[in-house]
């Protein structure tokens, strides 16, 4: 059924495949309903109105219509009125009115005058070429047409990107992606498209219904094949399994994309910031960050997002409970992927392994972040001071040191924080919770980082060394802070007097000289202090006084 379509694509014709296939299927089903060709008459009329979708796509009307009238009684044949050609079999119905040459080989006629030229060559008896590798016959030179399909040769190269194509028309279509040319515009939304097939798909999203409904969740689909794929999410049928980590998927394309997480392949690169992606759709979504486009808006609170998935996640914040619950510990999550990632904590599975040091991770995103510790890559740069970060979240936190923004506020005491994790740790002061316990001495802490720091007190090791002077430290944060001595960096600037500081605690102490804040108060005499060190020195004086008395 698709042989003729493939021949057209080979010689450079860009066709709308979904419409073509659906037309063939409809005609085939009608033929079966009519019964045997030997016992019945048939009549088909293809009018311009039936080709309305093609007219919408190409922007111009097709031929005025193709009318075929005939009957099949013994040796009678079908007469194609459009060109007077005679077909020896009724398969022209299934192949969009094929034309015939003396050797009973057929070519597609439906998609316009250009291909009629090829048909005329067959009608006049012009010598046809047969490609020996597959046996297919063409009016054109087989070295130009069929050989490229069978051997995979791509003779047309793009000078900008180096990408290769089988024929010249495909190269021409690709070149439009570089200059941004949009030849086909959809009037309903004003959006432009490079290829007519892309426009046709867009028209379907606007016009077509979704007749195939899932009985489990009610979700609708345009094609039955999409519904069958979707059903795998309910039945748990994941036939496509990754040989590296064992993760299974409902679609082969999902497995193909997943494999890139193991190979590290990221062929789609952003021209603005250089960030690379494994999937083209992720690059398209990323580009919205640069243009500031946020088409998905929450009707509840008005917050807009660049991705529909982000809006879906956000909408769950308006509901009372996260729908996906872990059966082992009872923790709830907003989506199934987060639950799957969490479940690896209980199973201990860490499928993502670092090629440099062998460290394994439960999530691919954690491996990506870890890999930057080896490569030194810091793609996220602060526009204010030029400081670069390995993670976008770290850049967001850093920018708040310039703006002074503290969006996370404690409901108990009103204290605000620039980072959400700091608020979470602060809340444990009110609850008294200390979930992180040292296995060596039993001491408990409110933060995991505090426990990690404490664990190094049991060891004399100082694994983190300054590259400038060789000084060793127990903690990586201490190295980063120490480096400011060599670089002279002072990222914390006072808005009142303009003075700058290398460290946040020095900056906070300085701010109190302007505000007059003295949060540390002595319970014995009521005297208050702006710094904890001054407060501790004062307490020691009271202790000495009690001893001397």
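Each residue, glycine too, has its Cβ placed from N, Cα and C.
The shown structure was predicted, so the numbers you read here are calculated from the model rather than taken from an experiment.
According to Swiss-Prot, the protein carries these features:
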DOMAIN    1-42  domain 'KRAB'
REGION    530-549  region 'Disordered'
ZN_FING   156-178  zinc finger
ZN_FING   184-206  zinc finger
ZN_FING   212-234  zinc finger
ZN_FING   240-262  zinc finger
ZN_FING   268-290  zinc finger
ZN_FING   296-318  zinc finger
ZN_FING   352-374  zinc finger
ZN_FING   380-402  zinc finger
ZN_FING   408-430  zinc finger
ZN_FING   436-458  zinc finger
ZN_FING   464-486  zinc finger
ZN_FING   492-514  zinc finger
Averaged over the whole of the zinc finger (464-486), what is the pLDDT?
86
In DSSP terms, the zinc finger (380-402) comprises 11 helix, 4 strand, 8 coil
Which one, 352-374, 380-402, 464-486, 492-514, has the most C-beta pairs under 8 Å toward the zinc finger (408-430)?
380-402
Could you tell me what the rest of the chain brings near the zinc finger (268-290), counting residues at least six beyond its ends with Cβ under 8 Å?
257, 260-261, 306-307, 379
Which residues, given as numbers and ranges, are at least 6 beyond the ends of the region 'Disordered' (530-549) yet have a Cβ under 8 Å from it?
509, 512-513, 517-520, 522, 524
Below 8 angstroms Cβ to Cβ, which residues of this chain, lying six or more residues outside the zinc finger (380-402), approach it?
369, 372-373, 418-419, 489, 491-493, 504
